[in-house]
Amino acid sequence: MRSQTKQGGEGSVPLYMELFKLRQLKASLLCLLQLVFCIVLLLFPTFSFYVQNVTILYLHLYVIFAGCDASVLLDSTPGNPAEKENIANNPSLRGFEVIDEAKAELEAQCPQTVSCADIIAFAARDSAYKVGDINYKVPSGRRNGWVSHEDEPTQNLPPPFFDAKQLEENFARKGFSLDEMVTLFGAHSIGVSHCSSFSKYLYTFNATHPQDPSMDPKFARDLKAKCPPQLSSGNGGDPTVPLDVLTPNKLDNKYYKDLMNHHGLLTSDQTLLSSPATVGIVRYHARNDAA
Ligand SMILES: *[C@@H]1O[C@H](CO)[C@@H](O)[C@H](O)[C@H]1NC(C)=O
């Protein structure tokens with residue numbers, strides 16, 4: 001996106017408003033949209049429909065974590081690599097061209113009125129409806145940011161190896177409660193992760209256990225078949241596997257059932273079941289099919 005296409009709308013919705021909105025929705029799976037980890041690559045080659053929707057959900061989530069100002073859409077300028085280029089985002093965060101297209105159409109019909117930050121929020125709402133039948137209202141008025149630094153995501157996004165305590169601290173800095181945090185993790189009900197984000201737990205866990213003993217052995221075996229050790233260390237690329245093995249293309253509560261089955265893909269997923277502070281919330285969502 002060229003920076004001159006970025007114009008703020010009227011008024012402004014700061015991050016705390018976004019959080020307030022989330023708070024009101026905390027019981028709903030909808031909030032699940034709001035979490036992205038660096039490792040998530042949104043790749044459903046056979047379902048272009050899903051590619052767009054899932055991609056946009058994660059884009060929105062990322063944007064919320066990074067300040068709700070759509071600065072991730074900005075391209076690098078000489079001497080200043082942008083957020084887009086951070087290892088957490090490139091090549092995982094995608095869908096920029098969808099926002100660019102929507103912005104171009106809006107500018108043609110109604111110049112300088114709808115910000116890109118709003119477009120991302122609206123597109124995420126529509127995507128949630130398409131992949132999860134979830135409907136929610138989105139206020140408008142976010143303003144676009146003009147500043148984008150490559151190192152910003154590293155300071156904000158929780159990495160996939162965080163345990164529950166570290167996650168709690170990270171989310172608390174953004175004003176989220178434990179309850180909200182676990183709900184937001186439900187965004188992992190869709191999307192995929194690169195093997196490199198978890199292959200350590202399959203092959204080089206520690207000196208006594210090459211494989212993480214907390215992982216279901218059969219699940220680990222399946223993952224190893226999809227993520228051979230040589231692939232994660234270079235040639236052959238870095239394949240992806242679904243974050244939610246039960247219903248990878250539907251935004252629902254099956255992610256929590258995965259955790260109950262010890263089929264959480266990332267440390268930061270499975271830790272929600274092993275931590276006493278969050279296990280009750282995981283159980284609640286796993287039981288509550290209508291959530
Ligand atoms: C490896 O991890 C297991 C399980 O967490 C633990 O019991 C064991 O002590 C660890 N071994 C080493 C050498 O750290």
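Note that Cβ sites are derived from N, Cα and C of the backbone, with glycine treated the same way.
The structure displayed is predicted, hence computed values, not measured ones.
The transmembrane segment annotation in TrEMBL covers 27-50.
Summarising the annotation, TrEMBL assigns domain 'Plant heme peroxidase family profile' to 67-291.
The secondary structure of Ser71 (Ca(2+) 1 binding site), as reduced to three states from DSSP, is helical. In the shown protein chains, 22 other C-beta atoms lie within 10 A of the C-beta of Ser71 (Ca(2+) 1 binding site). Annotation source TrEMBL lists Ca(2+) 1 binding site at Gly67, Asp69, Ser71, Glu83.
DSSP classifies Pro158 (substrate binding site) as coil under the three-state reduction. Pro158 (substrate binding site) counts 21 other C-beta atoms within 10 Å of its own C-beta, drawing on all protein chains shown. The annotation substrate binding site is assigned in TrEMBL to Pro158.
Taken from TrEMBL, the feature heme b binding site covers His188.
Within 10 Å of the Cβ of Glu83 (Ca(2+) 1 binding site) there are 28 other Cβ atoms, across all protein chains. Other Cβ atoms within 10 Å of the Cβ of His188 (heme b binding site) number 26 in total over all chains. His188 (heme b binding site) sits 14 Å from Pro158 (substrate binding site), counting Cα to Cα.
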